[in-house]
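Record features (TrEMBL):
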type     : residues : note
COMPBIAS : 1-12     : compositional bias 'Basic and acidic residues'
REGION   : 1-33     : region 'Disordered'
TRANSMEM : 73-93    : transmembrane segment
TRANSMEM : 113-133  : transmembrane segment
TRANSMEM : 145-167  : transmembrane segment
TRANSMEM : 173-192  : transmembrane segment
TRANSMEM : 204-223  : transmembrane segment
TRANSMEM : 238-258  : transmembrane segment
TRANSMEM : 270-289  : transmembrane segment
TRANSMEM : 329-348  : transmembrane segment
Amino acid sequence: MGPKDEERKPLLYHDTIPEGNEDHDDTNNPLINSHKQDIDPSLKSEAHIMGATKTRLEKIKAKIMAITIPKKAINVILSVTTILAFVCMQVSLPMYTKAMNDQRSDPYNAMLFSAFWFPWVFFLQLAFIKLFIDRDLSLKPKTSWSGMFITGALTALNGLLIAYASLPSRTPPYLQAIFTTTLIPFTILARLIILRKGVSKRQLVVCGIILIGMFISVEPQIFGLERGGGGSEGIHGIFWPMIFMLGFIPSAIAAVVTEKELKNEEANSMVFIAWTQVFMYSTVLLLFWTDFIPHFGMATSPTDFFNRFKTGLVCQFGIDHSCSNVAGLSWMFILSYCFANLSNFLLIRYAEG
C-alpha cells in the first residue's frame, strides 16, 4: 500500500481529523456511525449521571467556600463549643476512670486505650477534608516538629496527672469542677512568660474570682472541717487535689506553644492537632512506669500491670458484658476530648488575644 492509499484510508471514530479538514462531515460515514451505535447506552447514562453529580458537588463546594462568617461570631461559636465539650470531658473522665478502677483496671489503662483513638479520629477528619473539600490539603505540617512534640508530650502529661487524680476517692467531684478553671490563670501566666503578652484588667478580675472560689472550695481540706462528696482523708486529702490542679500547668503551656505555632499563616490547625495526638500517644506509652509508683499508680508488679491491661482491653471493646458501661463512658470521653481540643485549637488559631 503506497502513501496515496494511506491517505485514502477511511477515517475511524477515534482518529483525529487531518489538519486542514476541520469542516469534514462524517455524519454519513458508515464506519463511524456503526462504532457510535456499538456504545452501550447504559454507559452513556452512567457517564452522564457521574458528570452531573460531579458538577453538583462542585457547586455545593463553591457555595460552602463562598460562605463568610464574621470573626466575632466565629469566636463566640468556638468558645461555646469549647466550654460545652470541656464540661462533657470533665464529667465523663472521673466516671470513666472509676468504672475502669472498679473492674480491676486503672487510670493509666483508661488513658492508654482512649488516647489510642485520638490520632485515628483526627486523621480520618483530614482524610475526609482531603477527599471531599480540599484536594490540595497536605498532611505534611507547616509548623515545627519540635512544637508539635512539645505540645503532644505536655498534653500526655496533663492527661495522666488528671486521670490519676480524677478518681472520686482521691479528688472529690465538686473540687474537680472548681480546679478545672485553674487552666485560665495558668494560661495567662504562661502567655506572660513565654509570649511576653501583658495581662488585661478583665483577665486579672477573672483570675481573682477563680482564686477566691478555689479558696472557698478547699477550705474544708485546709482547716479539717466536715465535708461531703468523698475524697481522700488526711494528707492525701490535700495531695490529690493539688495534683489535679497542677495537672493543668502542662495544658496551659501546651496551649501557649500551640498559639505560637499556629500564628504562622501557612499553618493548618487540623494537621497540627492530628500530629500532636501521635506524639501524645507515644508519650503515654513511654510513661507506663508511672503506674508502678507507690501510692500514685495502681500496679504492684509486672504481672499485676499486665492483668490490669488485659481487663481494661476486654472492657474497652465490650467483650465482657459485665463491664459494658466502660465502653460507653470511654467513647463519651473520647468524643468530648476530640471536640474540646478541635474547637480549642481553632479558637487559639482564629481568636484575637
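Here, residue 1 is simply the first one shown, and the rest follow in order.
Here the Cβ of each residue, glycine as well, is placed from N, Cα and C on the backbone.
Whatever TrEMBL says is automated annotation, not expert-curated.
When Cβ distances are compared across the two stretches, the transmembrane segment (73-93) makes contact with the transmembrane segment (329-348), since 3 or more pairs at least 6 residues apart fall below 8 angstroms. Count of Cβ pairs under 8 Å against the transmembrane segment (238-258): among 113-133, 173-192, 270-289, 329-348, the largest is for 173-192. Long-range contacts of the transmembrane segment (113-133) within the same chain: residues 57, 61, 64, 96, 139, 156, 159, 270-271, 273-274, 277-278, 280-281, 284, 312-313, 316, 330, 333-334, 337-338, 342, each at least 6 residues beyond the stretch ends and with a Cβ under 8 Å from a Cβ of the stretch.
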